[in-house]
Amino acid sequence: MESFYHSVPVGPKPPEEVYVIVEIPRGSRVKYEIAKDFPGMLVDRVLYSSVVYPVDYGLIPRTLYYDGDPMDVMVLISQPTFPGAIMKVRPIGMMKMVDQGETDNKILAVFDKDPNVSYIKDLKDVNAHLLDEIANFFSTYKILEKKETKVLGWEGKEAALKEIEVSIKMYEEKYGKKN
């Protein structure tokens, strides 16, 4: 049986609508990662700092990014889901980030079937304080691991869509195109 990473499609209408496989629900300190070679989730670690993920966090299947991992996605949803949940989301922006010297940008997306966030159409519609919370989390969550991360700011929807297209192309170059 194949990993969800390879078996779940990118989405119904990429890059405007993509699937996300949730790895870490909002409010968790446990870092899960989807296994790439078999179906399942691996527990990577418990965060060293007393912080929790401020959003549901996961990946777009059948993507590959500069850091060698799938494209990361932060999902705006009013209730936490669970590791392994798959949802269709709409990208609205991107947080530019460097993790230990490697580009590790993260897509910000909205779960449209949640009336608490479905009105969000663009990065400018997101509460500025929430964007600050997200950036602060990713700036500090690895400090006690003695690892350096740096948030470089936010970019809009067009930049996010282009980055998703790049990550799809990188996946196809490595693994081949799948139906």
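Cβ from N, Cα, C; glycine included.
The feature substrate binding site is assigned by Swiss-Prot to Lys31, Arg45, Tyr57, Tyr141, with sequence analysis given as support. For Asp67, Asp72, Asp104, the entry in Swiss-Prot reads Mg(2+) 1 binding site, with the evidence type sequence analysis. As annotated by Swiss-Prot, Mg(2+) 2 binding site applies to Asp72.
Considering only the binding-site residues Arg45, Tyr57, Tyr141, Asp72 (Mg(2+) 1 binding site) has Tyr57 as its nearest partner by CA-CA distance. Same-chain neighbours of the Mg(2+) 1 site beyond Asp67, Asp72, Asp104, judged by a C-beta within 8 angstroms of the site's C-beta center, are, in sequence order, Tyr65, Tyr66, Asp69, Met71, Met97, Asp99, Glu102, Thr103, Asn105, Lys106. Working note on the binding-site residues Asp67, Asp72, Asp104: by count of other C-beta atoms within 10 Å of each C-beta, Asp72 ranks first.
Within 8 A of the CB centroid of the substrate site residues Lys31, Arg45, Tyr57, Tyr141, the other residues of that chain are Ile24, Arg29, Val30, Asp44, Leu47, Tyr53.
Within its own chain, Tyr141 (substrate binding site) has Leu47, Ser49, Val51, Thr149 as residues 6 or more apart in sequence whose C-beta sits under 8 angstroms from its own. Taking all protein chains in view, 16 other C-beta atoms sit within 10 angstroms of the C-beta of Lys31 (substrate binding site).
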